[in-house]
Amino acid sequence: MSDRYKPEQLEDILIIDDQAANLRILSEILTQNGYKVRKAINPLSALKAIQSTPPDLILLDIKMPEMDGYQLCEQIKSDPELSEIPVIFISALDEVFNKVRAFEVGGVDYITKPFQDGEVIARIKNQLLIQSQKKQLRTEIEKRKETEEILYQSRALIKSVLNSSLDGIAALQAIRNSLGEIVDFRCLLVNPVMAKIIGQKTENLIGKIMLKKFLSNLDPKLMNAFIEVVNTGNTLEKEFYYQKDNVERWYHFIALKLGDGFSITVRDITERKLMELKLHQLARLDGLTGVANRRYFEETLAKEWKRGIRDKQPLSLILCDIDYFKIYNDTYGHLKGDECLIRVAKAINRAVKRSTDLVARYGGEEFGIILTNTERQGAIAIAQSIQKAVNQLKIPHPNPREKNHHYIAMSLGVASLIPQKKLSPKILVASADKALYEAKKQGRNCINVSSCLLGNQSQEIQFLA
């Protein structure tokens, strides 16, 4: 989490749970970490509290009387004044259906009981940071629109603002051939900011026919776009990437017809772009382990499923689970448990080497690996690499239930198929989940393989460590 994220005042978090013990535990965790906490024991009173004083974030239990958490979340998200409040679900229910339902009604994340302090705080910080950056982006866009409106309504002031503007500004006149066709543009006015973007001194640009040559190194297609502005009077608004002297910058410009030419305003949006990229990355990652989160896993699986249908290529999925992780947590504590999850996630990432594949935290101590264009044998090989990588960590785990196993190990379920339109990605998930279940039932620390064809399970194969 970035150290720059330091709110000026305590964030207000509302916990909604009909169990007093859960309210007390979560309240203590959040208060100790510097959050302002409000509590509600039933959905109706919670809704009134939210409408009266909207919190910065909501922790919402699923199973409650009168109205369950899904229904309450839907009501919150249906209110335009409240819809942006992030909702993190809390529940002992850990089935896939409940998690999917939570995301469908507008939840941004979930935590399961029993609570792990580090994970609870990490997930809350992550969502609050995303929310803060969204507000910052909206504020920037609103300010920019106000500035642009003033600028374009006051064209008569263009000359007076040229040298004081933080944006690059220029006015260009069309150069036409004997047939009246525009072949280039002459620079009439340019401010220092625009000259710096182009990489020339102001005096070397005024009066010069220069646009076509400059655009040939940037984007030749823009020449026709600017000609269209002059010929039709339509406004052109576009973002572009420009690299000069090994310095990467992003810009946004607006071009308006001005006489027989056009005026253009260019703004450096590099900081905003970098913030958007960071925000996009944060929204895709699990706050604890740094691998992809469940939401991005679901998005990627759906995308790769469609790609598999189109290309008629196999798609494989590995679901793996740390054996006896609850015992490990109970023995060494949640901090060690978090450290174990981080090390295991890194080991899996090292074993899955292709950039086209995806490693995600599927939930708790379970990970999912999406393998594109990978048939059954290839998936088995990668599963074996994962198993070997985790075993090589040699994380001590004296387990009274397994006297022969002294280190952290994983059970893995593998499923492969060629996606088809009449099938759903759920069949691949269900098949891998069933294989994982069989691996655990057959002794753990092993790989179980199950292929699926038109919804029918085929022969299962077991690979012991």
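Glycine residues also receive a Cβ, built from the backbone N, Cα and C atoms like all the rest.
Lifted from TrEMBL, the feature list:
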DOMAIN    12-128  domain 'Response regulatory'
MOD_RES   Asp61  4-aspartylphosphate
DOMAIN    313-452  domain 'GGDEF'
Chain-internal residues near Asp61 (4-aspartylphosphate), provided their CB is under 8 angstroms and they sit 6+ positions away: Ile16, Asp17, Asp18, Gln19, Asn22, Gly69, Phe89, Ile90, Ser91
Per-state residue totals over the domain 'GGDEF' (313-452) - DSSP helix, strand, coil: 61 helix, 38 strand, 41 coil
Coarse DSSP state, helix versus strand versus coil, of Asp61 (4-aspartylphosphate): strand
Integer average pLDDT (0 to 100) for the domain 'GGDEF' (313-452): 92
